[in-house]
Every structure is written in structure tokens, then in C-alpha cells.
């Protein structure tokens, strides 16, 4: 059957090719008019091409209207949406048709039947005809590149290869679904590459720009731009859309299915599909994929650059100019502007410029570029190119002619602008500027350099700081959806977001000192960084919100509204952006007298948000069905491959089948529960979006009147009609009716909600609060009993009754009867036995900020006695800032080697007793003099010290003295030693203390120690000495 279908498709393609190609008409278009050499590409930025863009959009809609079908071999015809009678040249009514389009205008089939791909069969499978793909490779000539050489060499006598080009386009291989043939036939009116030489067999490596930021994606997802890499199959997700109806070698169909399933998340599929079409020289299909990709990612500058380079290589200058018109003024990207500047210099060669018109055009293009990307930290190369461009102009620097003076002024102006911008070339440009000024006149040069030096120093230091901030930044324009916390790539994504935020914060800190001198430049730099960040963080609503908020706070109303508009287009499901946009519209439309018009304007963001959220729920339902179908298919295949072993015992066979069935059901239940959680979150989000819209309409239109103004009641009715709402919508509507209008409809709404949400404890709690607010205690108790009994009847819902019990218990404790309170506590104790009784009892008398039952008043000062701190041997306390006490050594030191000074006795090295070394006469005299001075100091320092050498203090006392903080640490009252001594005198000590022997460690080294005597009211000398110390 497959062979018959393939043969039928082959003969149909042959018939269509023979009928649709008019060779005579192709030859007659060989002498078409050439392009004008006086064309000014810089002026195209101001043109809108309204009519041509409309026709282009129509052709794009035709090419994108076809959707992939499950079976690529079943299709009879595709009817294009455009009128076949309309000539192709009408696509650009305001412009002269380019040569390539005029040559292909006669090739459009007159019938709506699509050209079937030329195929053949091998072994019963449909395969591609490699001979057709390789046709014309020997005659291939590389297209012109963007540059300054050979800029007027756009050939006017290009060989007519449109027929072969169409054959190459039509003879598509079977790995392209038949929708691609429909797209090709529908887009033939825009064919422009066929008039060029035979298309290359291998696309250049710069086909699709692959940013450094692609490491954020899966490792298997993004390959290099080389076509050889694109020939390798990329692992695709196992889904029914790709596993059914697609042959394994149908790469285009598989990639289309991946894009259709996840257009915003599967960027690698987009890039591979573009490479696939370009590698097969299907440039119309590649254009179609580019356009679809850029509708989803309109600020992906890397792909705009790849798109522009493709058109440049094909010499399709009109399409290239259209790309520049669509991107340059809205996408501030250095690489994109570099491509534009190269194109301008290509179309305006300086070698043949006798009038100076080309130089003026190029100069105006540079000025326009600096207005949009001149502040970029990577724009140093463009500044350097501009300086070199000025140097190449007529005139000599330092001459006396008017051209010389003009060149000197232009160079000085360019240098002074460039050295103020923190770029990678700021140091090089400053050195060149220094040589330039000093080469003209040293006196005036020093003056100019001195004036510009502060700006240069600021720019240089700022660039260093900026490089430190952005060292790990991956500056890509291919945005990624934020990973869910805990999933793959969330840490890397968070790091990138933090770097962007630090960059923005750095710009807001005004490091270039522009806020006071040039506030417009300061705001422009911050907005520029926001735009750069939003290229990479397109799907992060918080960043759009911050950018818009900055604009609103700095009188940039139009920029802020544009940020919100673009943010909502990128994130239609973001409540943050929709609410902010609605608030701005509500504030700015206060002058509108008609509440209906004002309400319609404010409601627009809410409607878009709700549509996106409902669409997400539909997709979640579809994904759930696909996951369940995949599980069932997997288990069915497993049962078919490994059926249960047949045994004599039927019970064993049934038990094995039941086990497999139970495993399948468990997995299906897990999948459904996971999707139910996601759908529940979406339903909650939808409900709060309706609530926000309801409150906004209440502010603008009130509660509404039937037939006149919708108001909040109409929003409530719309929410109920559309469904997927939670009890929060009923609660909000009822409370609006009560608090704003005191309308009895609030109670009716609660009654209606109680029937719809009988198991919702939050709704029951709000219902109780409302009934108590209106002083309807009888109905409140009735609702309480009804709700509690219904929830308690199900053991799984018992925990839901706790907040309801707690609320009524609090109310009864304050305003009810004690018997009711005790009964409630008994019921709570039965339902929640794990809760302590003390907590329930204390709840009666406590408030959210104070619990009197937990207070312990201070009755005696003994309750506030501080704890004694005892240092442990494992971790001695720190003594930083405390002076270490020094005591006169009792052992004679040798002047030849002083005794080691230890702060304490811990870990003191063990010493061996050695004989004293003999001292010389001078050393002995010095030692005797030192002893006499120490003795006199001790005797004069304290009148309480006894004669003779004092005994060393015990180790514990030394340690205690060492850990006492210094006097400066005491900020309260000072320590009074007199009062301490007086306290010690009044202490009554037992008379038997003299019987206690002294510990061995407390005994002195001498024999003059006397036993301790009973306290007689007089302080002993040793005690007095220690107290004074």
C-alpha cells in the first residue's frame, strides 16, 4: 500500500511540474530593470511600507495556516488562501518588483492543487531522491558577503536557474510532511532566491546564531549552526503526537510536532527546523519558520541577525531592508546594528564616491546607531570603526584647509564621545585621543585632555566595576521559561537573574555621575539595561514590572506603558502585569465621563488574562489525557510482550493480572492527582482574576443596573457562566454587597455558595463571620452545626473543622454562655485529642498579642539572680580586650636568656631542673640592682603588703582575674570595693572553719604560712592585698 501511494504521489508531482512551469515566460524576464545605484538604505528606516507589509502578512498567514497531519502520505490537494488571479508583483505595489521576484512571477501554479513531492520507494518505505537534492551543486557560486569590497556588483545577468530552483524546492524528500508542500505552494508568490545561482548544498556555519547562553538549555537540545550537526537526530519527547503518524526519518514533521506542542519552551526544535530547511535549500520554508519563530520571540536578536545574513547571502536586498525596518528601532542589539552598518557601507562604496553622498549616508547611519546602542558596554568596536571611518575621510589632520579643520573637529567630537562610555575600547581610544591632541598642539592638547580626563577616569573605573558584576553573565537573546524551583536549571537561571538585577542596581546607583548633570542620559542608560535584560528574561514578569515602575517614577509614561504592553504579550497569563496594566488604565482614564467606555478600556487586560488562563486549563486537561493514554498504551504493550505465564493454578494467573492492573491504576491516579494540583492552582488564579475585575468594575460602574451599566454584579454573573471558579469569588461578591451597599443579596450569595461548596471550610468560616457581623447568631449556630457535622462525618475532613471550632470558641468565650464554651471544648477534645487542654482553656482569655495565663510575675529579686559563668576546660573563654595581669617573678631570671612569658599555666611545657649557670661580675651587679628596684616598688606600691617575697596566687584565681573584663566594659554602675569589704565583714562564718585543712595547691612555697583563724572583724594582710588589687 505504501508503494502504491508513493508512486501515485510521484506521478502527480511530475504532472504538476510539467504543467506549471512556463519556460518561455522565464526567459522573457531576463532583461529586467536593474536596481538603482543611488539607493539610500539609511532612509528606509523611516519608511513603513504599509501596503507591502500587509501583503507580506497575508502570505505569512497562508504559509502558516497548514498544520501537520498525522500521516504524511495522505493528502490530495491544498487550497491556498490567496486569490490565484492576483499577480505576484502586486505584493509590493509601491515599489518596483525586484528582478528575482519578477522572474518567478510566472511560476505560480494556476490551480490550487499543491505540488506533491517527488518520491521513490525502497523496500516498501518512502525515501528521498538524493539525485535531485544534489543537482546543480557543481555550478554553485558563493553569494556576496557583507563588506565594503565589490559593493556594486549586484549581477544583472544572473543565469536563469528558477526552474531548477523550483524543482529542488518541489522535489522535497519524504521526511517532510505534506503540509510543507502546501506551505511551499502557498508561498511561491514570494520566491526570491530562485533567480540566484543554484542553491548551496551546505549552508554556512553562521546560518542560525547560537548564543553562548545556550548552555542554559538541555545539553542535547542546541547544537552548532553547522548543517552536519543538524543531520543528527535530536532526542524527542515521547508523546503521542510524535510517536504516531510520523516516520522516523520525517525530521521536519517531528520538529513541527514538537513546536506545536511547546512553542515557547522548545527553542532547540525551532533552531533545528530552520537549519533543516536551509540545509535543503528550502529558503521559503526557512523564511516561514523564521517568521513564526520571531512572532513568539520578537526580541531574539540572534535570530534576526541570522535571518538578515541569510537574505544578504541570497542578495534579496528588499527583504533585508524590511528586516532592518522591523528591528533596528526596537531591538537595541550591537550585533544587529553591526550587520546594518556593514550593509550600509556595502551599498554606499567610498571608492567611487565623488560627491560625498555615500560618506554622509554612512556617517548618518553611525549617528543613528550611537543613539540606540552607543551606551552598550560591548559597543567599543563600533566606536573604533567610526573613528577609523572619520580618519579615512578627505583632509589631513593638522592642515589649514577647511576640510582639514572639519576632519579635526569630527575626530575630536568622536573621541570625546567615545571616551565617556565605559566600553572595552575606552583605554585604546584614550591613548589615541592623547596622541591626536598632543600631535596638533601641546598647549591646547593639555587643556583638552585635562577637561576630558575626569570623564575618562570615571568611564574606565566604571567599566572595571561592570566587568566584575557581569563576569558570569550569559548575554543571550534567546529567552528561557523560568524553571520550577527544584527542577533542572533553576539554580543557573536564578544566578543569571541575580546578575541582571545587580547590573540594573549598579546603573541606578549612577556610577557615571549623570543624574544631576544629564538626567535624560541617566534614565536612558537604565532603560537600556532593562531592555537588554528583558531580551534574556522575556518570560519573567517581575522584570517587566520593575522596568515599567522605573519609567512611571521617572516621568517616562510612554516607555512604561510600552513595557507593560510588551510584557503582557510575552506573558499573557501573568496576573502581575495584567493587574498593573489595568491599574494604569484606571488611573489615566479618570477624565473619561462615560463609565461604560472607561470600564471597557480597563477590562481589556483582565479579559486577556482570563483567556490565557482558561487556555492553560484546557492544555492541562489535554496533557493529562495524553499522559493517561501513554500509560495505558505502555501497559498494554507490556502485557502483549510479556503475557502472564499460564499455570495450572488459575488463581495465580488472576493475581498476577490484578497486580499489573493495580500498578497501572496507581500510576494513572498519581498522574491525575498531579494534574489536579496544577489545575487547582490555575482555578484559584482565575478566581482571583475575576475578583480583581469585580472590584475594578465596582469602583468604575458601581454594582451595576440591568440594561444600563454592567457593574460588579455583571462580572460575577460572567464568572459563574464561564466556570472554573472557587468559593473565593462568591465570598468576594457577597462581601462587596454587604460592605459597600448593605444589600441583603450578600446573605443570598452565601446561601447559594453553601450549596455549591459544602466541603469548603474557608467558605463556611467566612459565612459564619458574615452572619455574626449582621448579628444573626441563631443562623450562625445552625450553619456551624450543619457544616461541622457534615465535615466530621468523613474522617478525611475532620481536620477542616478545626478553624471553624476555633472561631466559634473565641466568639462564645467573649460573648456567649459558659456552658456553651464548655460544651465546645468537650467536642473539640473528642475530635482533636492531641491538642492540650491548657491551650484550649487559655484561648478563652487570650488575645492575639497577649496571653495573661502565661504571665509569671516577678515576686522576689532572687528570681532574677544571674547565672554564674564557669569556663570549661574544653573551650576556654575568650579574653580579647582584657589586660593580662603581670606579677613580679619569684624566680630569678637570667639576663642571658629571659624566662618565657606565659599568659596562663595551661599547656606549660615541662621543665627540667638544671644548675644555674655562673654569672659574670657585670651581669651579677645588674641582677642585684634589678632585685633591689623590684623590692622598693613593691614596698611603696601597697602599705598592706607584708615584708618578704609574696607567694604566687593559685592558678584558678589567676585565670579568674584574667577573664574579668576591663573597666571600660562596664557601662552601668561602677564596682565599689569598699562595699564589698563591708559585706564580707558582716558575713557570719562558722567557728569550725579553722578545723578545715588547707588544700595542698593553696599552700605557699615558704614555711611562714599560718593556719586560718576565725573571722575577727579585721582583714588579714593577704586578703587586703587581693581586695585592693
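Placed from the backbone N, Cα and C atoms, the Cβ positions cover glycine too.
Quantities reported herein were computed from a predicted structural model and do not represent experimental measurements.
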Annotated range (Swiss-Prot: region 'Disordered') out of 225-251, 252-278: 225-251
Region 'Disordered' according to Swiss-Prot, located in which of 603-633, 634-664, 665-695: 634-664
Top partner of the repeat 'HAT 6' (521-553) among 281-313, 315-346, 357-392, 406-439, 469-509 - counted as Cβ pairs under 8 Å: 469-509
Mean of the pLDDT scores, which run from 0 to 100, over the repeat 'HAT 1' (281-313): 96
